[in-house]
Amino acid sequence: MAAAAQLSLTQLSSGNPVYEKYYRQVEAGNTGRVLALDAAAFLKKSGLPDLILGKIWDLADTDGKGVLSKQEFFVALRLVACAQNGLEVSLSSLSLAVPPPRFHDSSSPLLTSGPSVAELPWAVKSEDKAKYDAIFDSLSPVDGFLSGDKVKPVLLNSKLPVEILGRVWELSDIDHDGKLDRDEFAVAMFLVYCALEKEPVPMSLPPALVPPSKRKTWVVSPAEKAKYDEIFLKTDKDMDGYVSGLEVRETFLKTGLPSALLAHIWSLCDTKGCGKLSKDQFALAFHLINQKLIKGIDPPHSLTPEMIPPSDRSSLQKNITGSSPVADFSAIKELDTLNNEIVDLQREKNNVEQDLKEKEDTVKQRTSEVQDLQDEVQRESINLQKLQAQKQQVQELLGELDEQKAQLEEQLQEVRKKCAEEAQLISSLKAEITSQESQISSYEEELLKAREELSRLQQETAQLEESVESGKAQLEPLQQHLQESQQEISSMQMRLEMKDLETDNNQSNWSSSPQSVLVNGATDYCSLSTSSSETANFNEHAEGQNNLESEPTHQESSVRSSPEIAPSDVTDESEAVTVAGNEKVTPRFDDDKHSKEEDPFNVESSSLTDAVADTNLDFFQSDPFVGSDPFKDDPFGKIDPFGGDPFKGSDPFASDCFFKQTSTDPFTTSSTDPFSASSNSSNTSVETWKHNDPFAPGGTVVAAASDSATDPFASVFGNESFGDGFADFSTLSKVNNEDAFNPTISSSTSSVTIAKPMLEETASKSEDVPPALPPKVGTPTRPCPPPPGKRPINKLDSSDPLKLNDPFQPFPGNDSPKEKDPDMFCDPFTSSTTTNKEADPSNFANFSAYPSEEDMIEWAKRESEREEEQRLARLNQQEQEDLELAIALSKSEISEA
């Protein structure tokens, strides 16, 4: 501050009366000092960030008094001008030549709206930017961006409140895309470090913090801007930062454009309508003029967003609608002279009134200190409340995290338990797989053996079929030979019969005896006829057998062992009929294989001891089949043609897994058929069926089976999960003991047995069927509470303050609720909607004795209004005292002069 103290007011202001004007606007009451609140409000109009303004205040107010003198205020203005022109904010910059500062002030057109955004240097220094870039790269950005999840831990490490961190994120995310690039991350870290240094975070991002890459481009290029700035400095002769229409008239007319077009360009560039153009507006006007002259592009009817000067973009909505006259700088100089004289007089007067001023200064200082302390206490109390709220939030968050930790531990235990179970299951499955693999290998070996056995049996079958075919081939000529022999025998027998008839006829002619005898024996004609009929029957039977054997469906039958009949040696008629009596006429078969067997065609003549009595012999007086059965010696009845089955000893497919059968048949092992409709069962089974009707009304008790062997499915489903309790109706109530539709009752007792369960079922329905549930009654809706203004205030019934209406007393006035209130334990879901006693609703949760929310709001409003009135009264009193003091001082000065 020593360097600043050496500079005079003229050196600080560079002879520009604007500094004096700014001072007079802020300094009120001719006290010679600028209060901190007034100076802060005025300096914020410069558009600089709060961080830079705070630094400027610290450099100006070196003593930390909280007030600025005139010289200190000029130093602050000079530093503001340095910051607006991109110079370093330090005391060494006071000696540099800079234009006067510019402030946002709608009362004067001479004050610009602040520096150009494009001209402002970035507040983030290069060394800080390098440090922030290193942090940015350590977070592993994706495509040059960091998401909120990656930036959040870095911001939380600063230990700043969540509200401030949220504001930092909103300010740094300039693109509002939910991600931060390298420049945006640098802005965020810059704001975080500023907040850690107890500097306030702005509500909106200052222009100086906007990265150059995020600043909108202007249609006027930097080269054009530099050229137009030189023209502007030559035109702005009063150095107030603006050019009027008179100053630029000649310059614009030299372009050769029509006056109407120049007027349109002037109206477009004069965005504030103050009749003057700033440096940026002047550059835009010349840009539009050159576009028309060089490219022939007419100016637009209104400015596009990229045409708006950067200095006017922030204050575009605050356009100035009126113009004000140019300030009279000569009058300002005279006022400055008078002010210097007054200062000299005040210095002389200070020697006389030094004690009084020191006391007043002490009082004011103490007052300001007290006020500062009060403000500090208020701020600290607010911070304490915020910290307490944050502490509560952290505690709640910690509790939630503890709960989540407990839940996760439980889930972890469950998962570990499940993993152990799964591991055990896997081990058991592996063991089962190993056993199954061993079984499969054994089954494969058995299958190979079975296939070998099958191939062997197939070969044996083929051999047997070949032997059968060869036997058939041998049988066919034998059968044919047999037929021929039978035909010859039948023809021979016919010839013998005819011969006998002729002989009988001849004998009847000459015989006179009553009992004539055949010439060659005692065999009569009936025996011959019998033998002939037997021969005919045998021929028919042989033909039928030959026809059956010739069919292809009976090729597998075994070879029949038939007697081979050789052609008999038939003697002539003289040899066939012999003279000796009672001899048998026997056809002979000369086959070696059947020589010892009985001849099926041997006809034994009946022993007729008596001769024919009469010549008129009746051959049908006696039954020729009484003595013997002609078919008792059937050669084809003793041998089974299918007895030689080659596969009856073993099943060639027994080892195949697809033809295996269980060792026990579930439908044959049971002793009784449970589905048999026969009525030969005992009365106990009938009664059991009658008592075990699962479909009777109300359900019946299904008695357990007395004998487990009667279950036809026990061998199949005995070990299954549903084998014991599948379709088990044993849990039903015991109501009906008889089944009216029992199919096992015999017809003789069905009427009595069916009539009885029907009567018993009717009785059981009326006695044991459970009653139906009562209909559900909806819960009565809760009555709406009375409005706050109409709440009844209950008076105390008792003088005892402890015996108030307890809203949570469940049994008012009863000592033993169990005895005196029988409805206490009643069913709350019964259909009855009326109760013996109705509870008083006013006794439940009665908070009418306390003030309502509306009353509290009204009280808060009254208190805030009262405090505001007191504050305004104090301010008015202070202003009145200052005014009286100023009047007294001016009167004393006038009287002395």
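Cβ from N, Cα, C; glycine included.
Bear in mind that the values here come from a model prediction, so they are computed numbers and not experimental data.
When secondary structure is read from DSSP and collapsed to three states, Asp238 (Ca(2+) 2 binding site) falls in the coil class. Per Swiss-Prot, the feature Ca(2+) 2 binding site maps to Asp236, Asp238, Asp240, Tyr242, Glu247.
Predicted-model confidence for the domain 'EH 1' (15-104) is 80, expressed as mean pLDDT. Here Swiss-Prot flags 15-104 as domain 'EH 1'.
Note on the domain 'EF-hand 1' (48-83): residues 1, 4-5, 7, 9, 12-13, 19, 22-23, 26-27, 32-36, 39-40, 89-91, 93-94, 96, 98-101, 123, 194, 199-200, 202, 206, 208-209, 365, 368, 372 of its chain, located 6 or more positions outside it, place their CB under 8 angstroms from a CB of the stretch. Sequence annotations record features per position, and here Swiss-Prot assigns domain 'EF-hand 1' to 48-83.
Summarising the annotation, Swiss-Prot assigns domain 'EH 2' to 128-216.
Residues annotated as domain 'EF-hand 2' in Swiss-Prot, with sequence analysis given as evidence: 160-195. Secondary structure of the domain 'EF-hand 2' (160-195) per DSSP (helix as H, G, I; strand as E, B; remaining residues coil): 25 helix, 2 strand, 9 coil.
Sequence annotations record features per position, and here Swiss-Prot assigns domain 'EF-hand 3' to 223-258.
According to Swiss-Prot, the domain 'EH 3' annotation covers 224-314, on the basis of sequence analysis.
Residues annotated as domain 'EF-hand 4' in Swiss-Prot: 262-292.
If you look up Swiss-Prot, you'll see 852-871 marked as domain 'UIM 1', on the strength of sequence analysis.
For 878-897, the entry in Swiss-Prot reads domain 'UIM 2'.
Marked as N-acetylalanine by Swiss-Prot on the basis of similarity to another entry: Ala2.
Summarising the annotation, Swiss-Prot assigns phosphothreonine to Thr321 (among others).
Sequence annotations record features per position, and here Swiss-Prot assigns phosphothreonine to Thr779 (among others) based on a large-scale study or a structure entry.
Under the heading phosphothreonine, Swiss-Prot lists Thr781 (among others).
According to Swiss-Prot, the phosphotyrosine annotation covers Tyr850, on the basis of experimental evidence.
Feature annotation from Swiss-Prot assigns region 'Interaction with DAB2' to 2-330.
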All-chain count of other Cβ atoms within 10 Å of Asp240 (Ca(2+) 2 binding site): 20
For the domain 'EF-hand 2' (160-195), sequence-distant contacts whose Cβ falls under 8 Å of one of its Cβ atoms, 6 or more beyond its ends: 51, 123-124, 128-129, 132-133, 135-136, 141, 144-148, 151, 201-205, 209-211, 213-214, 386, 390
Lowest local Cβ density (other Cβ within 10 Å) among binding-site residues: Asp236, Asp238, Glu247: Asp238
Shell list (Ca(2+) 2; ref centroid = CB of Asp236, Asp238, Asp240, Tyr242, Glu247; cutoff 8 A): Thr235, Lys237, Met239, Gly241, Val243, Ser244, Lys276
Of 15-104, 128-216, 852-871, whichever stretch has the most CB pairs under 8 A to the domain 'EF-hand 3' (223-258): 15-104
Other CB atoms, at most 10 A from the CB of Tyr242 (Ca(2+) 2 binding site): 22
Tally of residues which DSSP labels helix, strand or coil - the domain 'EH 1' (15-104): 51 helix, 6 strand, 33 coil
Number of helical, extended and coil residues in the domain 'EF-hand 4' (262-292), per DSSP: 22 helix, 2 strand, 7 coil
